[in-house]
Amino acid sequence: MGESARRPHASSRLVYKPTLSSPANHPELMQRLRFFLAAFFLLALGDALSPSSVAGAHLRPDYYADVCPDLESISVAHSPVAAPATLRLFFHDCAVRGCDASIMLINPDGDDEWRSLDGMTLKPEGFHTVMNAKAAVDSDPRCRNVVSCADILALAARDSVFLSGGPDYEVELGRYDGRVSTGRSVVIPHGSFNLDQLNSFFSGLNLSQSDMIALSAGAHTIGAASCGFFGYRMSTDAAMDPAFAEELRGSCPAMDAGGFAFLDAATPLRFDNEYYRNLRAGRGLLASDQALYADARSRADVDRYAADEEAFFGDFAAAMTRLGRVGVRTAEDNGEIRRDCRFPN
Ligand code: HEM
């Protein structure tokens, strides 16, 4: 593997380790923790016996150290242009049937995740990134058909964030690929959701409100949305800054004309905390993001991330690690290492 294909930053930058940020840094979380502690212990015994409680327990950053020792040196994402699509692909994969690369599967009958109504808005660049990354991994004979597509997607998502200027963090590995993908299993949060709807969706993934705030408004610091997802807000939403609404009318003269706007109008291609500042100014593109500032229960997190990019980067890295544990499959659980990311073996 040539030097140019190596991750240039691996040793030169702060790398967030996949240990979870301390709750002691969040007073309100500490209060809630104490409140639920008793209930937690009562449930813990029963939970310990359920398979979901061990989902992701075997994941670790050096999972492939023996069989594919140079995995972290192989470049799995090269283009900041493809970064938003790749990051979103990871979310859509993990949110549906867990992080098992089921989003990549092509079913001959056309009934699969990526051809569902929500899946069809995923941009091809994300899929291309994973296919190219798999080819790059397989070009090392030791690694051929040893690393799962789900892990390759998790690595590509992390590298996409970093390429865009965001945090570097260790990716836990050891996911197996799923064999099943159907359109009807796709349930994804919508841009019109309010805080309760967002929380209810993310709690279904075992993710907290804080995880959701770091992940969703965090990821929306890069990439774009089609006019259909926000155009209705330009004339009806009092939470939107009128000058911003006027700017957006230029991007979306007609809803069905294929127009789009950058999610973060301030720094659209840079992964930073600017989108949280936009929210404070009524310049959030999606109603689901603006709701995080409008609702008093989530505003403090938005304020904190808007003021402190380092805190945002740390929490984003931790939340991506928790997202990466959702529904993780094992060999015993009907998982496999796919030879072609598009088809079961
Ligand atoms: C809170 C729930 C979320 C909602 C309601 C939501 C909704 C949306 C919508 C409507 C778009 C525009 C899609 C299009 O125009 O085709 C979008 C784009 C995007 N989303 Fe989310 N999203 C959420 C959470 C997330 C999460 C958790 C991530 C990643 C960790 C993410 C990453 C992205 C990215 C990077 C884009 C830009 C994609 C591109 O330009 O190709 N989103 N999201």
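Glycine too: its Cβ is placed from the backbone N, Cα and C atoms.
Within Thr221, Thr236, the residue that TrEMBL lists together with Asp264, Thr267, Asp272 for binding Ca(2+) 2 is Thr221.
Here TrEMBL has Asp93, Val96, Gly98, Asp100, Ser102 binding Ca(2+) 1, and the candidate from Glu72, Glu113 in that same listed site is Glu113. In the disulfide annotation of TrEMBL, Cys68 is paired with Cys143 out of the candidates Cys94, Cys99, Cys143.
Per TrEMBL, the cysteine from Cys99, Cys149 that shares a disulfide bond with Cys94 is Cys99. Here the Cα atom of Cys252 (disulfide bond) is found 29 Å from that of Asp93 (Ca(2+) 1 binding site).
The closest partner of Cys149 (disulfide bond) among the recorded positions, by CA position, is His92; the full candidate set was His92, Pro189, Thr221. Less than 6 Å separates the Cβ from ligand 1 in the case of none of the recorded positions Cys149, Thr221, Thr267. For the binding-site residues Asp93, Glu113, Asp264, Asp272, the largest tally of other C-beta atoms within 10 A is found at Asp93. Using a 10 angstroms CA-CA radius around Asp93 (Ca(2+) 1 binding site), the recorded positions that qualify from Cys68, Cys99, Cys143, Cys227, Asp264 are Cys99. Cα-Cα distances to Ser102 (Ca(2+) 1 binding site) place Cys341 within 10 Å, out of the recorded positions His220, Asp264, Cys341.
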